[in-house]
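A.B. asks: Just passing along the structure, written as structure tokens.
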Ligand code: NAD
Ligand code: G6P
Ligand code: MN
């Protein structure tokens, strides 16, 4: 087992989430003792902008934890015990493209769902593998990478194919954010909920929500029929998902459950089950990427600037489930706590009627040797079919990346439920290829010399 105090490296150190995650680490130092925090990023200017804020958060809690920022993987990962990954390959500039290109063709434009998520996946698989190789080269041999980098479903599948034995655990904060809202509705702390859940990342359903052994899904169903997955006054206990667009997303749980009341859907299912309504309400010239750049990013950068000028750090970043969850998972991995968390794992029969090797999202006991998935049994035909189609789309995208196959990329786009026709798929993919010319060079070459030219 790993021995504390730990050296923790954060890949994607310049992320808007870094200060919040570090704050979550600071309030849990008794559970997760730290000797050093290292930020690693390929954009040193961005990382250096955020670093003073991070250092202040650390110093408010500890004078002894060493703090390092670097763009050198050897410095970042040598002897590291735990690595948190939160890279956004292509940054917000490319997120904007992922969202706006499909919208130009009347298709959902989203960071992780539909063609936007597929394009983001094409950019991220190989940098993620590079990160794993650097960590394996320099870090403690028992080090774990806990990965938030999106699109997590595709990243997980790419890593399974290319680095099947790597000590990487892919996680998402959406289920735990949904559980936070459930807790607020039920009037209990989210840690008191024990849930059953099955699906893929950003594509799954809660089937049971136990509180003290009693299933509260019927009570939630009655509440959601009136208010969606929000408390009656829509007060959000966690600021991360409380912008107006998120409030709309929580409310959209209602129309989905009005039609299919059995299970409580992951909010991201809105993009697959009601895409036309989503597109109608999206502004093709101002998407979530713009909201985030004008909101979360701007606020953090302004605070960093003000701190530099005045020595006073304004309240400028979120501390909530996102940071708390990754720290919980890291504690369970490091100390073999066997806590039950919803994570992304190889299926191995957890969902009986999905492929054995699919990367699924289910509850798992998190041990020092990795996650042990809990068996969710066979799922109904409706859900199984939706899942199989999404899985095929994501798996073909990974194969397209590995084989340099234009045809498989086109199949991945065509199979995605958000894309109505083959012609839409092709038009969007071709625009994506142009927009991603700095990120998919090897693929472009293969596509031009091979199938794309034929
Ligand atoms: P951000 O752009 O603010 O931060 C990402 C950082 O990653 C940037 O500083 C960028 O320079 C860096 N980066 C890009 N490529 C890199 C590489 N190859 N090596 C090292 N660093 C690299 O983005 P953000 O909004 O703060 O989000 C960060 C990431 O976390 C994104 O991937 C986002 O999708 C993900 N995220 C995931 C979840 C989840 O549920 N899994 C939740 C929230 C955020
Ligand atoms: C949720 C999802 C993440 C996603 C994030 C986007 O937390 O689980 O996977 O990256 O939302 O939030 P944003 O505020 O950047 O749109
Ligand atoms: Mn997520």
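Sequential numbering from 1, following the chain as shown.
The backbone N, Cα and C atoms fix where each Cβ goes, glycine too.
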A.B. asks: Can you pick which of 95, 208, 221, 222 TrEMBL lists for the same substrate site as 150, 288?
C.D. replies: 95
A.B. asks: Ligand 1 is in the model; which of the recorded positions 95, 172, 268 have a C-beta less than 6 angstroms from one of its atoms?
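C.D. replies: Among the recorded positions listed, those whose Cβ sits under 6 Å from ligand 1 are 172.
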A.B. asks: Under 6 Å from ligand 3 by Cβ, which recorded positions from 95, 111, 172, 268, 288?
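C.D. replies: Going through 95, 111, 172, 268, 288 in sequence order, those close to ligand 3 turn out to be 172.
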A.B. asks: Which recorded positions from the set 95, 150, 172, 268 have a C-beta atom lying less than 6 Å away from ligand 2?
C.D. replies: 150, 172
A.B. asks: Quick one: which residues besides 95, 150, 288 have a Cβ within 8 Å of the substrate site's Cβ centroid, in sequence order?
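C.D. replies: Counting only non-site residues, the set is 88, 92, 98, 99, 110, 111, 112, 116, 120, 289, 292.
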A.B. asks: Relative to the Cβ position of residue 173 (active site, proton donor), how many further Cβ atoms are located within 10 Å?
C.D. replies: 22
A.B. asks: Taking only C-alpha atoms and a 10 A limit, tell me which of 95, 111, 150, 268, 288 are near residue 172 (Mn(2+) binding site). These are the recorded positions.
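C.D. replies: Among 95, 111, 150, 268, 288, the ones whose Cα sits within 10 Å of that of residue 172 (Mn(2+) binding site) are 150.
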